[in-house]
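Over in TrEMBL, the protein carries these features:
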DOMAIN    A:14-213  domain 'ABC-2 type transporter transmembrane'
TRANSMEM  A:21-40  transmembrane segment
TRANSMEM  A:52-74  transmembrane segment
TRANSMEM  A:105-126  transmembrane segment
TRANSMEM  A:138-163  transmembrane segment
TRANSMEM  A:168-187  transmembrane segment
TRANSMEM  A:229-246  transmembrane segment
Amino acid sequence: MFINKYGLTTLSYKAVYSYQSIKLFILFRIVDPFMHYIFFATLASALVGTSYLKFVVLGNIVYYTCQTMMINFINMFRMERRYGTLELNIASPTNTLYVIIKKGIVPLLDSLFVFLISIILGGILFDLNLPINNIVNIIFLCLVTMFTMFCFSLLFACISLVFSNVNLFLNITLAFLQIFCGVNFGVNKLPEVLEFISRLLPLTHSIEALRTIYRITKYEVTSLLLKELTLGFCYLILSLILVISMEKLARKNGELFKDI
Amino acid sequence: MTTINWLTLLVREIKYFTNFENKMYQFLLFFQPLMFLSIVYFLNEYRGDINDGRFVIASALISMWSYVLYSSGSALTSQKWSDTLKLLLVSPVSLSAILMTKVISNSFIAMFSMLLSFIYAKFIFNFKVEIASYTLFSIAILVLILSLSVMGLILAIVFVAFQNVYDYQNLILTPMVLMCGVFIPVEQFPLVVKVVSYIIPMTWGIKSVYEALQLSSPIYTTMTISILISLFYLLAAFFIIKRIELLLRKTGKLGAI
């Protein structure tokens with residue numbers, strides 16, 4: 001069903017996916033994550049020593065996966081707006097949400113690839129040996145994290161339509177996630193109010209769960225993933241409300257936002 | 001080009017890129033230092049005895065380099081996109097003078113992010129940045145600006161000379177930060193990496209700043225090497241730009257433009 005040559009997923013991939021050649025794909029989906037991990041691993045090593053390296057790399061694996069998903073989503077919406085197909089999506093008899101979900105398969109698969117390759121890279125370069133006896137937890141974590149990231153990215157991409165400079169909004173959001181989701185340090189180091197906020201963000205619990213699976217921290221994995229899943233559903237509901245409201249607004253006014 | 005023209009161009013470039021209406025580089029200049037300082041601040045909680053000054057400067061250097069890479073790298077190609085390259089080529093000012101103005105102004109703007117890093121470090125994070133000699137530190141910053149300008153010039157040429165380099169600029173960012181000794185001193189690298197690092201002008205500019213911060217003894221030697229290497233690249237870049245200008249006037253196209 002998904003490999004329909006003229007389906008929405010394939011057409012969306014052909015139209016807006018940035019890295020369609022093998023060279024670009026290797027560079028941006030293997031080399032770039034690798035450089036990202038090396039960068040933060042070096043930063044952490046220089047600051048607090050090599051004993052902390054695995055902690056940082058695992059946090060950044062989840063972060064980079066989310067970054068891939070968000071950039072893909074935002075790119076999809078931006079291109080739709082640039083080529084004027086956003087209006088066509090709304091005007092078409094197909095349900096808008098169905099269109100978005102079908103097109104969202106490309107970001108989902110892209111991020112999944114990044115996550116898997118990062119786990120392999122982590123094993124080869126940072127001695128992060130995959131705990132085979134915990135494989136069920138890893139699969140569960142992967143599914144839950146992808147779902148929550150997907151819902152959050154959808155919400156984020158909808159909000160991005162309000163901004164005239166999407167890049168600035170994207171970069172600030174990514175920086176916000178870097179700091180408040182415990183990517184490089186535990187969220188327990190944050191002041192209480194900020195820790196509370198961080199527990200409402202999509203990556204925090206997944207990062208803690210991944211570190212626990214790799215025996216770096218000691219938390220209850222199932223409980224963390226259930227919290228992450230609940231957050232995912234909350235983001236899904238919010239994004240659904242936003243998509244439906246924006247669609248209604250667009251149908252009523254004949255445009256989405258003026259002067260953007 | 002008269003000095004006054006050159007200065008006017010410089011001031012205009014600085015005004016344009018630091019204007020809040022221009023959102024293009026706001027993240028790099030204003031938010032990125034804040035992000036890195038936050039990471040340094042909270043990582044410091046794990047150890048507590050971090051050399052604050054060095055990491056405040058490291059945070060600033062990342063933003064400075066990012067800004068130079070994205071702004072100076074596309075100094076000429078962006079003129080092509082906005083269709084003003086033809087005007088520049090037929091103007092009575094040489095291409096090298098225009099490019100020099102752009103890369104110097106970009107390096108000065110990049111310096112704002114260093115100033116901002118110090119302000120954030122002092123007033124938000126309460127970091128203690130102890131500068132042994134302000135005079136020497138200021139000279140080292142000027143040396144760094146020279147090396148950043150030269151790097152910008154090299155990038156501008158590379159971005160013009162080769163097709164699609166612009167697509168790969170994100171991939172240049174991180175390796176350069178790592179290789180120029182922003183976090184770990186170049187002396188600790190393997191020999192091959194060390195050799196490559198030492199031929200990058202920015203390595204010496206960064207080394208000068210770190211040495212000026214702690215008043216390390218080889219500071220004058222490092223600054224001299226930094227200036228000499230920068231001048232060498234500057235001279236080479238000047239001749240290459242002359243050649244690019246000639247080719248552009250003759251054929252109307254070259255590499256990416």
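Note that Cβ sites are derived from N, Cα and C of the backbone, with glycine treated the same way.
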### Task
Between the transmembrane segment (A:229-246) and the stretches A:21-40, A:105-126, A:138-163, A:168-187, work out which stretch tops the count of Cβ pairs under 8 Å.
A:138-163
### Query
Of the listed stretches (A:21-40, A:52-74, A:105-126), which one yields the highest count of Cβ-Cβ distances below 8 Å with the transmembrane segment (A:168-187)?
A:52-74
### Summary
Beyond a gap of at least 6 residues from its ends, the CB atoms lying under 8 Å from the transmembrane segment (A:21-40) belong to 56-57, 60-61, 64, 68, 110, 113-114, 117-118, 121-122, 125-126, 183-184
### Query
Residues of the same chain, at least six outside the transmembrane segment (A:105-126), with any C-beta under 8 angstroms of its C-beta?
2, 9, 12-13, 16-17, 29-30, 33-34, 37-38, 41, 53-54, 57-58, 61-62, 64-66, 68-69, 72-73, 76, 138, 142, 145-146, 149-150, 153
### Message
Which residues of the chain, 6 or more past the ends of the transmembrane segment (A:138-163), have a CB below 8 A from one of its CBs?
### Response
62, 65-66, 69-70, 72-74, 76-78, 81, 100, 104, 107-108, 111-112, 115, 119, 130-131, 169-170, 173, 202-203, 206, 209-210, 213, 221, 225, 228-229, 231-233, 235-236, 238-239, 242-243, 246, 256-257, 260
